[in-house]
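Database features, via TrEMBL:
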ACT_SITE  Glu185  active site, proton acceptor
BINDING   Gly203, Gly204, Ser205, Thr206, Gln207  ATP binding site
Amino acid sequence: MEAMKISKRFFAFGILACIAFYVAYIKWHLDSKPLVGATEGIAESTGDKLSRQALAADPSVFYGIMFDAGSTGTRIHIFKFTQQPKETPRLTHETFKALKPGLSAYADDVEKSGQGIRELLEVAKKEVPMELWKFTPLVLKATAGLRLLPGEKAQKLLDKVKEIFQASPFFVRDNCVSIMNGTDEGSLDDTQKRSVGMLDLGGGSTQITFLPRTEATLQTSPAGHTTSFQMFNSTYKLYSYSYLGLGLMSARLAILGGVEGKPLHCCVVGKEVICPLPTEVKVPEWYANSCHHG
């Protein structure tokens with residue numbers, strides 16, 4: 001039960017991370033400067049043209065769709081933004097839906113992975129006005145679940161998702177589907193005056209990110225533990241590191257010593273865990289409710 005409480009607590013952090021990431025994504029499409037590390041030449045091109053066309057349809061409202069492909073499930077976030085002239089976008093509404101299992105569960109059956117993606121896209125079609133579909137960016141970012149897979153299997157899953165995205169009515173770019181590295185996954189920003197550190201507990205990895213108070217912290221950090229990016233006309237230098245294999249599910253498996261074999265029938269009684277519980281034993285309903293099978 002305690003593990004579930006921790007999971008719910010950090011799930012909120014995950015939502016904040018997705019919101020911050022997508023606000024940055026939208027803003028990067030509206031700014032004249034390219035995103036750090038992105039393909040050169042996107043500055044005054046597709047993003048700006050689409051934003052102008054979308055604003056022509058409605059001068060203040062536009063949408064963005066983010067798929068979060070984690071190790072335990074795939075989530076869709078449909079963001080509704082409003083923007084006044086010469087102001088940054090403001091998030092006014094979010095629609096969220098999650099499906100289990102994660103994409104990595106279909107590593108040996110890629111075709112089945114598309115069913116959940118299509119189901120979540122139907123949610124997006126209902127939320128985004130039809131006249132804005134072709135202006136609405138669609139992106140999927142995969143995290144530790146796919147990073148833990150062999151490269152070839154992970155790529156086949158990404159290719160399948162991209163194929164489905166390209167057949168959708170939404171706006172997609174060539175790099176609309178990708179695996180985030182640990183540094184990207186941890187990046188979360190607030191203003192310099194109100195920055196906070198963040199611990200993002202996922203299923204397969206844990207990210208720690210914060211905006212250092214001094215330059216010395218960045219200079220003495222190990223290689224690969226820092227990142228910088230542009231957002232809202234400012235450059236931010238973050239300490240951000242992902243501990244692969246230390247997510248909630250990975251840590252739980254390591255602690256319990258998961259092995260292949262028949263599932264145990266365990267039961268929590270007070271502070272004790274009794275395993276195995278004979279399957280033929282019939283127990284009262286109040287007792288069975290405290291049991292965890294498998």
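Glycine too: its Cβ is placed from the backbone N, Cα and C atoms.
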Give the number of CB atoms, excluding that of Gly203 (ATP binding site) itself, located within 10 Å of its CB.
21
Under 8 Å by Cβ from Gly204 (ATP binding site), counting only residues of that chain that are 6 or more apart:
Gly70, Ser71, Thr143, Ala144, Gly145, Arg147, Leu148, Leu244, Gly245, Gly247, Met249, Ser250
Winner by Cβ contact number (other Cβ atoms within 10 Å) across the binding-site residues Ser205, Thr206, Gln207:
Gln207
Based on DSSP, name the secondary structure state of Gly204 (ATP binding site): helix, strand or coil.
coil
